[in-house]
Amino acid sequence: MDQMNYQNKKVLVYGWARSGKAVYQLLKKIGANVYVTADEEPTDLFDDVNFVDDIDESFDLLVKNPGIRYEKEIIKKALNLNIPVITEVQVALDQFKGEVLAVTGSNGKTTTTTLIGKMLKADNVDVKVGGNIGIPVSELMLSDSQPRVLMLELSSFQLLGAQNIKPKIAVITNLFSSHIDFHHTRGNYLRAKFSITQHQTKDDYLVLNDSSIDSKDFAKRSQADDYYFSPTNTSVNTYVNDGTIYFDDEKIIDLSKVVLVGEHNLENILAAVTAAKIFGVSNRAIEKVLTSFKGLEHRLEAVGVIKERTVYNDSKATDIEATQKALASFKEPINLIAGGLDRGDDLNRLVPNFKNVVSLITYGQTKNKLQSAGEKAGIKQTVVVDTLKEAVAKAKELSRPGQVLLFSPAAASWDQFPNFEIRGEEFKKMIKNREGWS
């Protein structure tokens with residue numbers, strides 16, 4: 001793809017979070033004339049920042065924070081003036097000379113990105129990991145030296161403003177209807193996701209989930225060489241057979257050696273193995289990672305065994321599909337805490353997944369819908385409360401030794417918490433309080 005020239009261009013950075021600060025510094029470094037705007041003037045602006053309240057025809061480019069909606073007046077004005085609107089990912093990748101590996105999808109992006117990054121590092125590949133995983137790509141480009149490889153997690157928000165991306169290996173973990181409040185339609189969401197492969201050529205690779213209904217369509221429209229993974233279909237590239245992971249019929253590792261738990265994590269592992277093998281990572285390096293990596297915080301995170309209950313924090317389960325995967329990960333009786341922001345999802349889709357749930361404690365905006373789903377599933381104990389604190393107290397009371405206590409909200413956190421991370425931290429604090437256990 002042709003790279004954009006930023007030298008002497010007048011650029012407006014919209015949003016002053018970590019990514020805004022990083023792209024501001026990068027744009028200054030490469031010779032742009034940079035201005036900053038935000039919905040409210042930040043209190044931590046750098047001393048040399050030119051803050052403005054609006055955009056006009058004198059600007060050449062607007063770089064927005066990925067999460068800012070396109071309905072904002074400044075963005076609409078920029079588009080009406082034919083000023084390009086991009087995210088910091090595009091600015092950063094225009095400066096990068098090495099190979100890009102990128103992961104997107106509805107769920108599993110962060111775990112899959114982390115696994116691939118660790119596998120590359122275990123094989124002594126010079127790689128930096130960033131993107132939606134927490135480190136802005138622009139921040140990685142501030143260093144005077146560049147790595148051989150960038151391993152990136154990219155959200156639909158980032159991809160929508162990075163139309164020039166061309167990864168050597170693109171991974172799509174899965175595709176559900178997600179972030180419809182931002183994208184408005186499933187079609188718009190899928191178009192944003194397709195951006196990850198839109199400019200790939202026959203010399204590039206696209207890794208797809210065999211069970212995602214949109215995978216075949218993506219493969220048909222992409223020019224890249226497609227590879228599939230599946231925990232159930234042994235006719236694809238990366239699969240599981242008789243308790244062993246294979247890639248193109250080559251034995252990689254026995255599942256008994258893998259320490260990362262969860263049905264959904266098996267798909268993440270298969271996606272990571274596929275990308276790693278395409279890149280040329282050794283089986284030794286792959287095995288080293290899979291026999292030691294226990295998972296990320298808030299993603300079916302084992303909090304511990306407390307009063308003979310095994311407790312899991314799955315605060316990252318911000319949609320129905322993630323909670324479905326979490327519930328499928330256990331054979332033991334489950335005491336489930338769920339609830340959060342109501343985005344209009346049909347929570348009755350969880351009914352078939354409730355077969356091992358012995359008590360359901362719901363809170364937040366979705367509490368009544370979840371209780372209704374639980375009653376339809378025949379759960380004997382369904383309890384509605386207002387807050388997570390009350391839910392944890394009730395779960396302590398209802399759970400019994402030998403059972404699982406699972407916090408998997410099936411909803412975003414924003415009705416009561418700023419993000420899923422803070423929600424998960426609060427859950428762990430409440431659980432570790434020894435009071436209230438029956």
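Note that Cβ sites are derived from N, Cα and C of the backbone, with glycine treated the same way.
Record features, source Swiss-Prot:
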BINDING   Gly105, Ser106, Asn107, Gly108, Lys109, Thr110, Thr111  ATP binding site
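Other C-beta atoms found within 10 angstroms of the C-beta of Thr110 (ATP binding site) number 21, with every protein chain shown included. Cβ neighbour density within 10 Å is lowest for Ser106 among the binding-site residues Ser106, Thr111. When secondary structure is read from DSSP and collapsed to three states, Gly105 (ATP binding site) falls in the coil class. Same-chain residues at least 6 positions away in sequence with a Cβ under 8 Å from that of Lys109 (ATP binding site) are, in sequence order, Val103, Asn132, Ile133, Glu153, Leu154, Ser155, Thr173. Cβ neighbours of Gly108 (ATP binding site) (same chain, under 8 Å, six or more residues apart in sequence): Thr173, Asn174, His264, Asn265, Glu267, Asn268, Ala271.
Those residues of the chain, other than Gly105, Ser106, Asn107, Gly108, Lys109, Thr110, Thr111, with a C-beta within 8 angstroms of the mean position of the ATP site C-beta atoms are Val103, Thr112, Thr173, Asn174, Asn268.
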